[in-house]
Amino acid sequence: MSYPDDYSTDIEKNKMDLKEFKEKTQIAELESKVLRLELKNKDVTRENVQIKKENEILKRELDKLRIPPLILGTILDKVNERKAVVKSSTGPNFLVNLSQFVDPEDIVPGARVCLNQQTLAIVEVLPKEKDYRAMAMEIEEKPDISFEDIGGLNNQIRDIKEVVELPLKNPELFEKVGIVPPKGVLLYGPPGTGKTLLAKAVAYETNASFVRVVGSELVKKFIGEGAKLVRDVFKLAKEKSPCIIFIDEIDAVASKRTESLTGGDREVQRTLMQLLAEMDGFDSRGDVKIIAATNRPDILDPAILRPGRFDRIIEISMPDEDGRLEILKIHTEKMNLKNVDLREVAKLAENMVGADLKAVCTEAGMFAIREEREFIKMDDFKEAISKITGKKEKCSYDMPQLTVMYG
């Protein structure tokens, strides 16, 4: 059977088109496959680079772990630029060489160094040792109490500003007059009169660093620990200068020295002598101010009270009627009062200190809450004064000592 020529030509053309279409399809599939492989290759390359980086980090960490530990030592004497006498932590003294990576200027007696285990050569100089207990005494966040929050102590605030705040903010005034600024102030008075509050206000008002120490923290069990802590506190203060050191309850460490032979008393006396030396010893104290507080000035050692250590001794006495009124205004500023005469409250609150007046305000608020009121009236304050006065009378067996001490 024969086909027309035109029909045969169409068949051949269709075959050619089909073949060409298959080839194009195969090429497109191959190009798509190549593109996918290229993308996959990029991902693999990226992962390979990341794995190599991690491998290098792990190798470095492994090398660090393989390095043998170094021996700690203390420089006793520098012989020349490349040799020094070292006391190792294992006990004996050695004459050792300096590594080429160590600056000879850093090799001074007392410096802490690292020694190679095999050759005992000095390979590194460590920073000065710091007592973590002294570091913890620095206050990072300053209190939010200013002098405006303290009532009835205007003269005392003026005195403490002249001794502590003025030398730090305007030292040129003392240079013009030609005098050395005072360096210390002792606050004494009955409990609750605002001694610690004044120190908090000083920390708030000045931009100086503030180190707070409680006297009992300086009394340690073993010989030399208390004196070392005192040295470290003053060393920290010098590094952070201008700085204020506040020693609360200083009578715990600065009581009068006696002939007592007990080990505990001797250690307290050693700590006191170190404190005296740091306050006004051979080395200059620099721009470091000291504020101390106590409610037992009668038992303090006379040596610590002399000028040069505490240039100004400020009595924080019981507030008078006007002082009590100022304190009440501060504590009742945010309270919802109704028909309350604060002057009358101040008259009724005779022989009360600032802490007592704050307790009175709190108790008055509690009486209002007890009666489901949103405001405080005069009767609440009267009941609160009676309650606080009753508590103080129950503890009257402690009062004769305070009466004798503060007149």
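Even glycines carry a Cβ here, placed using N, Cα and C.
Annotated features, as they stand in Swiss-Prot:
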COILED    22-67  coiled coil
BINDING   GLY192, THR193, GLY194, LYS195, THR196, LEU197, HIS331  ATP binding site
Looking at Cβ-Cβ distances, which residues of the chain lie under 8 angstroms from GLY192 (ATP binding site) while being 6 or more apart from it? VAL353, GLY354, ALA355, ASP356
Binding-site residues considered: THR193, THR196; fewest surrounding Cβ atoms within 10 Å belongs to THR196
Around HIS331 (ATP binding site), which residues of its chain at least 6 apart sit with Cβ under 8 Å of its Cβ? LEU357, LYS358, CYS361
Sequence-distant neighbours of GLY194 (ATP binding site) in its chain (C-beta under 8 A, six or more apart): ILE150, GLY152, LEU153, ILE316, VAL353, GLY354
List the same-chain residues at least 6 positions away in sequence whose Cβ sits under 8 Å from the Cβ of LYS195 (ATP binding site), in sequence order, or say none. LEU187, TYR188, GLY189, ALA293, THR294, ASN295, ILE316
Nonlocal residues around LEU197 (ATP binding site), in sequence order (Cβ under 8 Å, 6 or more apart): ILE145, ASP149, ILE150, GLY354
For THR193 (ATP binding site): DSSP state (helix, strand, coil): coil
Between the two most separated Cα atoms in GLY192, THR193, GLY194, LYS195, THR196, LEU197, HIS331, the residues recorded as binding ATP, what distance in Å do you get? 17
Give me the mean pLDDT over the coiled coil (22-67), rounded to a whole number. 84
